[in-house]
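S.K.: Here's a structure for you.
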Amino acid sequence: MPQNGLRILPPGSALLQGNCGAHPIRLLKGTAGAGLVPSGPWKMSGASSAAQLALLHTPQGHPVIPGATSGLLSSLEPQLRCLSLSGRWSSKMESPPLGRPRASMPFLLRSLLALLALSTPSQCQDSEATSPKATNGTPFPWDKMRLPEHVIPVHYDLTIHANLTTLTFWGTTEVEVTASRPTSTIILHSHRLQISKATLRRRAGQGLLQEPLRVLEYPRHEQIALLAPEPLLVGLPYTVVIDYAGNLSDTFHGFYKSTYRTKEGEVRVLASTQFEPTAARMAFPCFDEPAFKANFSIKIRREPRHLAISNMPLVKSVTVAEGLVEDQFDVTVKMSTYLVAFIVSDFESVSKVTKSGVKVSVYAVPEKINQAAYALDAAVTLLEFYEDYFSIPYPLPKQDLAAIPDFQSGAMENWGLTTYRESALLFDVEKSSASSKLGITMTVSHELAHQWFGNLVTMEWWNDLWLNEGFAKFMEFVSVSVTHPELKVEDYFLGKCFNAMEVDALNSSHPVSTPVENPAQILEMFDEVSYEKGACILNMLRDYLGADAFKSGIVQYLREYSYRNTKNEDLWNSMARICPAGGMQETEGFCSRGQHSSSSSHWRQEVLDVKAMMNTWTLQKGFPLVTVTVRGRNVHLEQEHYMKGADGAPETGYLWHVPLTFITSKSDVVQRFLLKTKTDVLLLPEAVEWIKFNVGMNGYYIVHYEDDGWDSLTGLLKGAHTAISRNDRASLINSAFQLVSIGKLSIEKALDLSLYLKHETEIMPVFQGLNELIPMYKLMEKREMDEVETQFKAFLIRLLQGLIDAQTWTDDGSVSERMLRSQLLLLACVRKYEPCVRQAEGHFRRWKDSNGTLSLPNDVTLAVFAVGAQDTEGWNFLYNKYRSSLSSTEKSQIEFALCTSQDQEKLQWLLDDSFKGDVIKTQEFPYILTLIGRNPVGYPLAWQFLRENWNKLVQKFELGSASIAHMVTGTTNQFSTRARLEEVKGFFSSLKDNGSQLRCVQQTLETIEENIRWMDKNFDKIRVWLQSEKPELQ
């Protein structure tokens, strides 16, 4: 993967290079370890006089850069005299460019240093070709994507008036700033805003002095420069006042328009915000980076018929003109711009109060407010849990949860005003499914966890997004397992890790902590690696440290960095103080773990270095494959980087600190061993029949068992599968098929292992079996291998027939049992298993005859609708029901069913209609495109639609967004022919900067190549295997 404008330097040097006039510049600085510094040229922006690099001098008169060796630089005097920094100083430098002068420097030179910061523009200018130009053609005084750090926002006063008739808004931003060094230039963000006026206010004696600011715009970086007539003085408060206007966005980000249709058919308009990661600048000019935290005072002007809500409670409302009300909200706590939120709507709400007095409210459109009760109760319970778990009170007086009719992602954690898709918040008691209840609970839990992880403590930059998202994803499971034990969330955590590994096994994956710079790169960080892998490695750490030690570490982290920003290492430093690397922790289970010696049968204690361990999981991509070879009592271990691809994939040389756990046929007591080296040996007390590593799949790694290891475990599953946990069974299924991909295990052995599923009843192993087996016939569908494809589908139904036949067509049982029933009956009906189809047809006929008023069991509705949609009359009836339904679950079920049609005309119409957004909202389009992309008759239509409408899709959903990624992979990653591969390559390479560089494109190209290789290698073996006798299925 490209380093996104950064280059890793070899140990022992930090290299800064660029051009200044005719003089090339190459500066070396002695340092320990590798550093990250900008790899591009330093721009010499003459327009930014305050950005000049102060030149220090030794007593001998040689110019030096702070932290550099004078002897090395003395020969560079001509170059240094024109050196001007407009970028950030490398974090590896020992002191900043304007560091305090050395004590040996004469006073005169120190005075000169101060003057240099205010000097006139350097005579050494950039070439015309590389100098950024503002929209008016004049030089723009800043050439970096990141803002300079010497002007800091302290407090924003925002006044915003949205007109929901003209779909425009105007605003005034008053932001108090301070400068850490003299400067005449203030750089901040603004995107698609028309700025009419900018002034600078400061105190002068008893009064206020106002000076006009010249405004330069640089749309490429979404920045503006405000040029003051005189430099801002260090430490004094200034207020920047900007008047501006804009159009409500017709995308899903910024300050955007949303609509809903009432029962009577009236279309109503509202305006809502979605600022993460880089869209606050679309609503007001601001310092739109997470480290620029400030307080916000927000005023919203609206018509009397509307309601405005924001992060903080309403203080008062005043009438400012006839038909115009101004709502004034309380001052926020110190927070990042991406967490600001406001909504102007006609929503209604229901409220409750937590034990600690926090008012919790759910807002929704009037006709759906009766679906808010479940989320309200869940939010109160979860907020109380987090206050207790973190031992830090929720700092705001209220927490609102708002269901927005148009919303691109699932939800957003704006502080005090979390926003959601309607389907992620509203629960219809009569129609919502068990999976809907689980999803709502987990989503609310995720966003409320963010009120601490992300809002109270925020990552310094988006490269460490996982500190927000990985933690919130992980806390879903920690919290909901306590607050809603009946949901059995532990049954689903593993699925997240398997999903992450699918992406993380590709060469195009990235480390959890990855350098990013531009908005598209930032958006790409919102992926399985930041969320799911982040959560899985945290779970692994908690399992290794023990729950109490882990909790102590994160509470200390939250307390130490409240209202501040952090980097990856800050978390590990907090953990390390709980678990010191250099001494024993007296409290058992905190840091010291039993570590098996490779040379004796005794256990020794070894203290864990949390930072060293976790750096191996966050700073390098991928995950380890641990190969286990048993020789009597000796267990030989070897780790390597698991990566899919050609058999001769390059060895990365990565090593991890792998917290191994294992049980054996002789002992179900979990043993632990931290594997730090490429190979090691364990000595067991006695010989065993089988050994199972990665107990409960708490570790983010997979295991290969050499010799007869897999045969022993397959025999265990077929003979007594309940001897190991359901999570262990699921992880064996996953590992076996992952090993087929890299040639470590034959496809026949993996399929033999899957035969035990005939006797499986638990959701996790069954789902994992389906996740491995279904894609095999999906690849065959794309190659038109009808005969073997049909045989394979028949085998899958035969394998699960006993479990399918045991399902009742009711809503009885636990959440897990109900979700398993829903998926099994859907599979059976889509695969045309006759008893299932017959039942579904009967249910659909009765439901249709009642004009949709008959109440179907929620868990079987998906299967019933999918069968009903297979003829024209049923399809049309479902579509008409969709138009009038108020249930998000029912709408989602109908969307799925409509997309299973085998009529290409209907599928094409669905694509066109959902993209237009009149009846099926455009927010549903990525889901519909992906469903049709999985349909054996629809996938060519989906791929064609993506290509023909790419520019419109990028405009609507944003380059780099998860929606774009899902559409790319959803339409292409089951292709398995060379012809399709060339088609995909050709299309995306033609896009240049508008998509060819996306990580999802690299992922899908890798996946298609893997599909081709996999099918070429395994298809004939599968065909032969299917024809062989299998007594297990008799």
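Using the three backbone atoms N, Cα and C, a Cβ is placed for every residue, glycine included.
TrEMBL labels come from automatic prediction, so no person has curated them.
So TrEMBL lists the following for this protein:
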- 153-339: domain 'Aminopeptidase N-like N-terminal' (DOMAIN)
- 374-581: domain 'Peptidase M1 membrane alanine aminopeptidase' (DOMAIN)
- His446, His450, Glu469: Zn(2+) binding site (BINDING)
- Glu447: active site, proton acceptor (ACT_SITE)
- Tyr531: site 'Transition state stabilizer' (SITE)
- 690-1009: domain 'ERAP1-like C-terminal' (DOMAIN)
S.K.: Among all chains shown, work out which of the recorded positions Glu447, Glu469 has the most CB atoms within 10 A of its CB.
M.R.: Glu447
S.K.: Report, in whole Å, the straight Cα-to-Cα distance of Glu447 (active site, proton acceptor) from Tyr531 (site 'Transition state stabilizer').
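M.R.: Cα to Cα, Tyr531 (site 'Transition state stabilizer') and Glu447 (active site, proton acceptor) are separated by 13 Å.
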S.K.: For His446 (Zn(2+) binding site), which residues in the same chain are close in space, meaning a Cβ under 8 Å from its Cβ, but six or more apart along the sequence?
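M.R.: In sequence order, the residues whose Cβ lies under 8 Å from that of His446 (Zn(2+) binding site) (at least 6 apart) are Ala411, Glu413, Ala472, Lys473, Met475, Glu476.
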S.K.: Taking just the CA atoms, what is the gap between Glu447 (active site, proton acceptor) and Glu469 (Zn(2+) binding site) in Å?
M.R.: 10
S.K.: Could you list the residues of the same chain, at least six apart in sequence, whose Cβ is under 8 A from the Cβ of His450 (Zn(2+) binding site)?
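M.R.: Those within reach of His450 (Zn(2+) binding site), by Cβ under 8 Å and sequence separation of 6 or more, are Glu413, Thr418, Asn468, Ala472.
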S.K.: Mean pLDDT across the domain 'Aminopeptidase N-like N-terminal' (153-339), rounded to an integer, is what?
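M.R.: So the average pLDDT across the domain 'Aminopeptidase N-like N-terminal' (153-339) works out to 97.
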S.K.: How many other Cβ atoms sit within 10 Å of the Cβ of Tyr531 (site 'Transition state stabilizer')?
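M.R.: Other Cβ atoms found within 10 Å: 24.
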S.K.: Using an 8 Å cut-off from the Cβ centroid of His446, His450, Glu469, can you name the remaining same-chain residues around the Zn(2+) site, in sequence order?
M.R.: Glu413, Glu447, Ala449, Phe453, Gly454, Asn468, Phe471, Ala472, Lys473, Met475, Tyr531
